[in-house]
């Protein structure tokens, strides 16, 4: 039996970092492609500068030899092209190589002049990827964001009764952002203010459908501690339809024999495409279209030729959906001017308006209609084609006897000229219509978060397509417009806006915040935002960022990065144990902060030092490299039933307790041993030598007969903390399937979410004389466009399996998949096949159900219903997702849920409406007294209906009684704030509640009030005067300003004034103790409490900031009772770390709150001038504050 032992070059990089960062993700500003991270840089450069840029970012020009990487990058480029990117050529790795877009939309590698300027593509190596991910942890996360709806205009029908318009504002961030709304740039509603004219529903705003809001502009903002963003404005436009003219003249047929009746529609908004015609002087007789009669989408009625029966009276009818009304015009007569031509024949002649397109200015994503009508006798046939020779889009279909070509969801590829030909036996006529598409501006590459040091230059670019280069671009900082002319002169010099690029010079900390660009045109807006953090910090090596010891196997290659936090950031410098800097070339070298040692030798072991410094300071870290022999594998065939394999590591440590566990891991045919439950392993450890300095660690693996039959086991690999080794036991390789194809399966004529994969094995495997192992099955792997990582198909996805095919089912609808297949036998898995082409599942009905269904009564006939939206951040299951709200009404006392019990669960209640937002406003029938409404919501789309979630019962009362509210508890917090909580009366479900109003009046008559939404049961009331009594009550209030019964009055007393004086820090020094050191802080005493008052709750607060620029402090209390000398207060700060920079502030406090905070004092412990060598003459003990545990928790 032949065996091959192979050494695997495995080196220990800091494994614990894996727990700190997600190495499967890409750093900010990079995109995942296959298993790598890439950046597509649009700014053109020559080959030299492209390489320099990629190298500066920690990467290199993309390697085109990796097939999966190349395919994924091509997909990214195709997406950019579809969004408007016109650049066809990109520099990639290799001398003079580039990716070039071909006429068929694919990309191929070409050779170009290296001095030519083109965009380029960088990819990150693993070390740089890890380093950037770690450095990225310095960036604050959770800046607010607003998900755009794409709506720039909303039409509404003004009403006198209560009706509302829902304006969407979906926000994200951590901490959760607060939402405020503005009307014409004036704030109208936020969580801290109330306005009975508006309702805040989650982040969405409900405004009354009043004519006073016509042409008003609304926008929302989202704000948290990191910054603020704003949405593009939404313009409210009233829907209306004017009356038709009362009279119109009769119409005569055309000389050709046909007829054209214009609708002569009145002014209306929005423009309607819904027309019909009445005839016979009756509003009950509606004209039907046929091969001879055609109603255009602009309302025109055409006759191919006129017969005697067509001489009748006609009237045009127009309806506008958003007004839920329509009008019809006066009746008039059609008179044939050429009766002799009734039975004549003539060739087709297109009307002067034909062909035409609807809507007239189509947008990307619209469904468009191309119309073509010709006068002719006999009736003509119609034929559609594209002038450029391309096929008609697959999303199109022809209707209305060939006269209408409809194209669903048009994209830029559908633009161009279309030709219509009308033909009969006597001739033909042709015409062309040009499809020009519009769209909101497309931001090809958005802004991304940045961390920069002070005095650096920063640029943000909203990269627009060439077609959008003339769009309007506005810039905002924390939701405020950036207008250079309105800025102070100093800042105006530093800031420059060049259309879609913002330049900021010599940045300082006041420039930190959320920057946002909004690109707009007459179609809509697009927006992108990013958080800029301007911060200086001295280099710090975070705990657990670098291992104190690195173990490397003899003969392997090891790389050790210098990982630290700093701003500004430079590469760390490595030196050996003697202090000599490592060279940049050679077997042992420093590659911009990364030690690289090739073919590790035993004499390479020892200490290495990394030094990081910037203008604020310097920091050091040391790493000990320990070289060990690679693990060895021994194979012992015990009998025909069992094989025993052992993997052994031998190393020497100063103390065996310091030798880390080897952490062995076995793999069989590249799959973890834990996937083979029949395997058994056992770990041994043996010590020898003085004090156990010599250590052997061994793991045994027992392989049973089921895997060891015929001694053809496969490949066994043992890896450990110190390296790895593997053993091949002779065995023919399993063949990889070839010629993989994918067939979409149909059932009952409907496309299902299932595919049939077919393949074949290579010819040599089918010849059993080569003693190839028997293939016992196949493993299907898949990935999606959105998640490009290969993974095994779950069991529920794999259906019927045959010799050379398999069914994959239960896939997500409307999702693109790629598949590959591996051969499998009992102890081995073969290499994967070449991936299949991308295939897309058919759209389907929504599979998610609605959660968190809530309701609120707006009045006795109006309900606001809200729920959690579905399909957030994922592919939509089908077209036109919306929500169907259905309800059933009943008076209290009748079981309203009987309707649901008697009906099919898949049926809706008798009343229902569809909403494209996760809320709806229901107008109910007028009913006296109390009633309950059973509500149900299901998601639906054009492909079908989803399932109904849990029903909810709402209660309404036509008498408008408001619930009674009662005080639960009141607790003064400080001199100006008090916490109030309450409960609602539950004796009746029908009493309504919209909000609660808190009203407090002091003895001098000064009033403070606050209105709080009904879903809150507590509120912190602020703005109160110190040491003042207030009489308060609670009342329910509805959205019309009507109040319910007041609660029983209660009195509150605010606390005293906080201290008014500011402490002064006198001494901040490091002091040597007997066995250690401490930090002494002294400050001036202030008056904390008025005379003759208790000292309970009085003292000083010490604020400790780790670094000069930290924004969050550790707060420590020093109660007055703990001070040994109240006239000269001081404290010992134990647990501070050497060489760390700390900033200290002090403030006094009493039950009324915290007083003014002192000026800061900073200290770097251990630096010259920070030691206090005096012994001191006083024996008064100084109270100590232990910080070590608190600091560790703060760092975590």
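Glycine residues also receive a Cβ, built from the backbone N, Cα and C atoms like all the rest.
In Swiss-Prot this protein carries:
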DISULFID  169-220  disulfide bond
DISULFID  263-316  disulfide bond
DISULFID  372-420  disulfide bond
DISULFID  462-517  disulfide bond
DISULFID  562-610  disulfide bond
DISULFID  653-718  disulfide bond
DOMAIN    144-225  domain 'Ig-like C2-type 1'
DOMAIN    232-319  domain 'Ig-like C2-type 2'
DOMAIN    355-438  domain 'Ig-like C2-type 3'
DOMAIN    441-533  domain 'Ig-like C2-type 4'
DOMAIN    539-626  domain 'Ig-like C2-type 5'
DOMAIN    631-730  domain 'Ig-like C2-type 6'
DOMAIN    736-844  domain 'Fibronectin type-III 1'
DOMAIN    849-961  domain 'Fibronectin type-III 2'
DOMAIN    963-1057  domain 'Fibronectin type-III 3'
DOMAIN    1064-1168  domain 'Fibronectin type-III 4'
CARBOHYD  100  N-linked glycosylation site
CARBOHYD  195  N-linked glycosylation site
CARBOHYD  343  N-linked glycosylation site
CARBOHYD  457  N-linked glycosylation site
CARBOHYD  644  N-linked glycosylation site
CARBOHYD  925  N-linked glycosylation site
CARBOHYD  945  N-linked glycosylation site
CARBOHYD  974  N-linked glycosylation site
CARBOHYD  979  N-linked glycosylation site
CARBOHYD  986  N-linked glycosylation site
CARBOHYD  1002  N-linked glycosylation site
CARBOHYD  1092  N-linked glycosylation site
LIPID     1177  GPI-anchor amidated serine
SIGNAL    1-19  signal peptide
TRANSMEM  1174-1194  transmembrane segment
Stretch of maximal Cβ-Cβ contact with the domain 'Fibronectin type-III 4' (1064-1168) [cut-off: under 8 Å; candidates 144-225, 355-438, 441-533, 539-626, 963-1057]: 963-1057
Local confidence of the domain 'Ig-like C2-type 3' (355-438) - pLDDT mean: 90
Residue 945 (N-linked glycosylation site), number of other Cβ atoms within 10 Å: 15
DSSP three-state assignment (helix, strand or coil) for residue 1092 (N-linked glycosylation site): coil
For residue 979 (N-linked glycosylation site), the one of 169, 263, 420, 925 that lies nearest, given that the recorded positions are compared by Cα: 169
Residue pair residue 169 (disulfide bond), residue 986 (N-linked glycosylation site) - Cα distance, angstrom, rounded: 33
Rounded distance in angstrom between the Cα atoms of residue 316 (disulfide bond) and residue 562 (disulfide bond): 79
Three-state secondary structure, which DSSP defines for residue 517 (disulfide bond): strand
Which of 220, 372, 420, 517, all disulfide-bonded residues, has a Cβ with the fewest other Cβ atoms inside 10 Å: 420
By Cα-Cα distance, the member of recorded positions 100, 517, 562, 945, 1002 nearest residue 372 (disulfide bond): 945
Residue 610 (disulfide bond) versus recorded positions 420, 925, 945, 1092 - nearest by Cα: 1092
Sparsest Cβ surroundings (other CB atoms within 10 Å) among the glycosylation sites 100, 457, 986, 1092: 1092
The domain 'Ig-like C2-type 2' (232-319): DSSP-derived helix, strand, coil residue counts: 3 helix, 33 strand, 52 coil
Residue 517 (disulfide bond) and residue 457 (N-linked glycosylation site), distance between Cα atoms, whole Å: 18
